[in-house]
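**Q** After the structure tokens below, expect a handful of questions from me.
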Amino acid sequence: MANSASPEQNQNHCSAINNSIPLMQGNLPTLTLSGKIRVTVTFFLFLLSATFNASFLLKLQKWTQKKEKGKKLSRMKLLLKHLTLANLLETLIVMPLDGMWNITVQWYAGELLCKVLSYLKLFSMYAPAFMMVVISLDRSLAITRPLALKSNSKVGQSMVGLAWILSSVFAGPQLYIFRMIHLADSSGQTKVFSQCVTHCSFSQWWHQAFYNFFTFSCLFIIPLFIMLICNAKIIFTLTRVLHQDPHELQLNQSKNNIPRARLKTLKMTVAFATSFTVCWTPYYVLGIWYWFDPEMLNRLSDPVNHFFFLFAFLNPCFDPLIYGYFSL
């Protein structure tokens, strides 16, 4: 087995790249037809998502103003408000960034924006995923332990605050690992291509593998697992209540009204989990495939590659339709 390069060799290689290395002009990436279609669809979904989420936010604000003066927003609507804000953040950062980057192909915004926008991109991806977890946990507690949740009214606010904090902290490494590299023409003198990448930010290959796995787990695996567990608990509780003796069920309805008023909770949380799974699975399947087999991009057709990535942009479009239908 061949020995891996020493840290000194890696450092020299990275220094050569940062000082501009020769690159054949024919090897430079270009905006293909499928790339143009991706850009068009991306900006269409951007307008759609921005309209849906902003409209729901305004509708929620108008609904709040109609309430009695000084009355606080209900816990569920507070959670939906933060999920809408998180989706709006993802819409306003990730979609335009992806669209413009596909148009320009290379990075023209400089080192500072390379780091800052990479941080904001991941932050705005963490936030909706964590808010979905908060809503799933809250709805599960509302069904399985309603009295305990009602006695502690600050649980929802605490989980929301924690979700925003974790999103900010977990995205922090982006400020360090992303950097500019410059590639030169065959003479090695004139810079012909610049890109914002993580190249040479990790001293060992497994450091990057660990970071990729951590990010993948926090963005997809862990939120999906928690949502599935919460949905399973809700289904189990509602099924048990619905199969009670009719006389006993009538008595229970006067206490918690689970069968009628909270049945839509199950439908909404299942719809959230389904939307999350359907929209993000193709994106992460492609990412994992590339992680284990970088050459797959040479075998996978360009249209299929772009199509898989576009799936992720559907999630912030679907969410306002789901919680708008079930909550208002």
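Using the three backbone atoms N, Cα and C, a Cβ is placed for every residue, glycine included.
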**Q** According to the record in Swiss-Prot, which candidate from CYS114, CYS200, CYS218, CYS230 pairs with CYS196 in a disulphide?
**A** CYS114
**Q** For LYS36 and ASN305, give whether Swiss-Prot records them on the same side of the membrane.
**A** yes
**Q** Between ASN53, ASN102, which does Swiss-Prot record as N-linked glycosylation site?
**A** ASN102
**Q** Candidates are ASN18, ASN252; I want to know which one Swiss-Prot annotates as N-linked glycosylation site.
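**A** The candidate carrying the N-linked glycosylation site note in Swiss-Prot is ASN18.
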**Q** Using Cβ atoms only, state whether the transmembrane segment (116-137) and the transmembrane segment (213-232) have three or more pairs under 8 Å that are 6 or more apart in sequence.
**A** yes
**Q** Per the 3+ Cβ pairs under 8 Å rule, pairs at least 6 apart in sequence, do the transmembrane segment (282-300) and the transmembrane segment (307-326) touch?
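**A** Yes; at least 3 Cβ pairs under 8 Å.
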**Q** Give the three-state DSSP assignment (helix, strand or coil) for ASN102 (N-linked glycosylation site).
**A** helix
**Q** Quick check for the class: what is the C-alpha distance, in angstrom and rounded, between CYS114 (disulfide bond) and ASN102 (N-linked glycosylation site)?
**A** 15
